[in-house]
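Colleague: Got a structure for you, written out below as structure tokens; questions coming shortly.
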Number of protein chains: 2
Amino acid sequence: MISGFGTVGQGVAEVLLRRKEFLTGRYGAVPKVVCVMDSKTVTKDPEGLDLAQIVKRKQETRSVGEERYTDSLEVLDSVDYDLLIEVTPTDIKTGGVGLKNITHAFECGKDVITVNKGPLALEFSRLIGLARENGCKFRFEGTVGGAMPIINLCHENLVGENIRSIRGIFNGTCNYILSKMDKGQPYEQALKEAQQLGYAETDPTNDVEGYDTAAKCVILANSVFHRDVSFKDVKITGISQITADAVAQAASHNMVIRLIGEVSDTKLEVSPRLIPAGHPLGISGTLNIAQIDADLAGPITINGRGAGKIETASAILSDLIAILDERHGHA
Amino acid sequence: MISGFGTVGQGVAEVLLRRKEFLTGRYGAVPKVVCVMDSKTVTKDPEGLDLAQIVKRKQETRSVGEERYTDSLEVLDSVDYDLLIEVTPTDIKTGGVGLKNITHAFECGKDVITVNKGPLALEFSRLIGLARENGCKFRFEGTVGGAMPIINLCHENLVGENIRSIRGIFNGTCNYILSKMDKGQPYEQALKEAQQLGYAETDPTNDVEGYDTAAKCVILANSVFHRDVSFKDVKITGISQITADAVAQAASHNMVIRLIGEVSDTKLEVSPRLIPAGHPLGISGTLNIAQIDADLAGPITINGRGAGKIETASAILSDLIAILDERHGHA
């Protein structure tokens, strides 16, 4: 069951098609997608939908199906599924339909994979508790850093470490703008260019005011540091007030300005910081990066693509394989 | 059962002691170490050894026990254990006692964790086959990149990716020397400094001729790219012939020279390469770094400490937890 069929949902369909052979080899068959819904319509087939056809239909008609629905929970109830891939758009204020869908799925004992930051940034502990009570698996690698492995990396490879802090760049849009400002562009012009390239939305508030980074920090604080915090607990400063002057001033000291999210047992903060040129966090362009400070392993730095249709879907694939492996008792 | 009690073996003991609470919480008890052997002596206790005492004894007397042995396989046979942590020194020519110990452990149905590169660089497919035939788990995260997660990252988080290539710096000693040469030091002086700091051995051949990097590339080629290659298949050029002139020449083009290992379906090569200044692979100092080119996720870069007592032991801890989780049916 896939809820949400925008860029990421279509990416998931495409990735499942591209990995047909791999999934068949590993599990005997590609997992059946029995239902896909976008914001208004739904299409179902208990025998498994033809994903290529649905992507085509969505692109041609802007709808996944001809059947319109009014209540997504009724759709969920009408389908026999065991895993929800929740990829509706992030709503950081209310959690949106994603929060409802995830809650409902857990209440019905279904596993969930999501890249929707809203529900997690607002009600992390409730959702984790609900998953646990109902014996459901819950994975959300793609919520932070897109294709850059970070959550599962900390939960699995680094599970024996005491992670002291994570600092990083978790928003490619801001980083693109700041990188352009390094080259002398004023903020407004850099933002406009980011919008023209599709990196920034028409209303860029969510990115440039640091809200998106803050949501990701909340998810890291809860999932890696086992804190019980939500979006309102983050100290947030965005980049919209950064002047060309400030950037030039930084450059004269061989520094760049980057929007850094920092999380630890006591910190939960998003703010523009001065980073020495050449420092890993001084990275340019749209990549995301995270520096993990682990007590035994020492510092570990990872970077990768923080967004993109196939890239984000690849994080969902990684979560899907982890869940299917557990179900199949794979090593 | 721990075979080998040099720096890494002692690091393992220390890490097990430091993670007593974590391991007890996760598994009900710290795994018992029933036997430790160094190159000449052995100490055993079926109820579990006092690791702190053994580290102390080793540091004071240079031996782990008073009982001398001649054949490590006889020692293995004399003990009731289920997991071998094999951390004897790497012997890249013959595989050394490590190869014998690992082979024997698999033949007796035991799981194995190792950071010993020799056996894997020489007889990877035989060992993997042996582990499979005997239903044994085999993990070796620490053989490549020390505390930098790479093998398990590719096997687990990125298992759904087609990894097209891995390029990286896998030897901190060479990178230290090359970084010093960037600052104008001649090779001989930089090497001497590395030796004084304990980064390079008295006989630095293994590092500076690229053999250590080559062994790691063989392990990646076999484990990540499912090739069937061994040490002799690597095209190797080391750094001992790099002149101050060559480094200066590179610098004049805004480049640095780094010893890069590259592995793909068709490549298996270690050589000094020109890297643009500011490029992630142009990293300075003793860190290791790997660039993974994945078809869905895109490029992922990770760096971390490639060596060190606790750092290497942290990779062993990560493997140990993965094996214990599987045994205990953990998520």
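Quick reminder: no glycine exception, Cβ is built from N, Cα and C everywhere.
The following feature annotations were taken from TrEMBL:
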- B:Gly4, B:Phe5, B:Gly6, B:Thr7, B:Val8, B:Gly9: NADP(+) binding site (BINDING)
- B:4-141: domain 'Aspartate/homoserine dehydrogenase NAD-binding' (DOMAIN)
- B:Lys117: NADPH binding site (BINDING)
- B:149-321: domain 'Homoserine dehydrogenase catalytic' (DOMAIN)
- B:Glu201: L-homoserine binding site (BINDING)
- B:Lys216: active site, proton donor (ACT_SITE)
Colleague: Would you mind pulling the DSSP three-state label for B:Val8 (NADP(+) binding site)?
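Modeller: Note: B:Val8 (NADP(+) binding site) is helical by DSSP.
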Colleague: Among all protein chains shown, how many Cβ atoms are found within 10 Å of the Cβ of the residue listed as 'NADPH binding site', not counting that one?
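Modeller: By my count, 27.
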Colleague: When you rank B:Lys117, B:Glu201, B:Lys216 by Cα distance to B:Val8 (NADP(+) binding site), which of the recorded positions ends up on top as the closest?
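Modeller: It is B:Lys117, whose Cα lies nearest.
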Colleague: Which of the recorded positions B:Lys117, B:Glu201, B:Lys216 has its Cα nearest to the Cα of B:Gly4 (NADP(+) binding site)?
Modeller: B:Lys117
Colleague: If you count other Cβ atoms within 10 Å of each one's Cβ, which of the binding-site residues B:Gly4, B:Gly6 has the most?
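Modeller: The residue with the most neighbouring Cβ atoms within 10 Å is B:Gly4.
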Colleague: Summarise the model confidence on the domain 'Aspartate/homoserine dehydrogenase NAD-binding' (B:4-141) as a single mean pLDDT, whole number.
Modeller: 97
Colleague: Within 8 Å of the Cβ centroid of the NADP(+) site residues B:Gly4, B:Phe5, B:Gly6, B:Thr7, B:Val8, B:Gly9, which other residues of the same chain have their Cβ?
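Modeller: Going along the sequence, the neighbours appear as B:Gln10, B:Gly11, B:Val12, B:Asp38, B:Val87, B:Thr88.
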Colleague: Relative to the Cα of B:Lys216 (active site, proton donor), which of the binding-site residues B:Gly6, B:Lys117, B:Glu201 have a Cα no more than 10 Å away?
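Modeller: Qualifying among B:Gly6, B:Lys117, B:Glu201: B:Lys117.
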Colleague: Round to the nearest Å and give the CA-to-CA distance linking B:Thr7 (NADP(+) binding site) with the residue listed as 'NADPH binding site'.
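Modeller: Cα-Cα distance, B:Thr7 (NADP(+) binding site) to the residue listed as 'NADPH binding site': 15 Å.
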Colleague: So if I measure Cβ to Cβ from B:Glu201 (L-homoserine binding site) and keep only same-chain residues at least 6 apart in sequence, which ones fall under 8 Å?
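Modeller: When sequence neighbours closer than 6 are ignored, B:Glu201 (L-homoserine binding site) has B:Gln195, B:Asp207 within Cβ distance under 8 Å.
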Colleague: For B:Phe5 (NADP(+) binding site), write down the residues of its own chain that are at least 6 apart in sequence and whose Cβ falls under 8 Å from its Cβ; none is a fine answer.
Modeller: B:Ala13, B:Val36, B:Met37, B:Asp38, B:Ile54, B:Lys58, B:Val64, B:Val87
Colleague: Can you give me the Cα-Cα distance between the residue listed as 'NADPH binding site' and B:Gly6 (NADP(+) binding site) in Å, rounded to a whole number?
Modeller: 15
Colleague: State the count of C-beta atoms found within 10 angstroms of the C-beta of B:Thr7 (NADP(+) binding site), not counting that atom itself.
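Modeller: Around B:Thr7 (NADP(+) binding site), other Cβ atoms within 10 Å: 16.
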Colleague: How would DSSP class B:Lys216 (active site, proton donor) in three states?
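Modeller: In the DSSP reduction, B:Lys216 (active site, proton donor) maps to helix.
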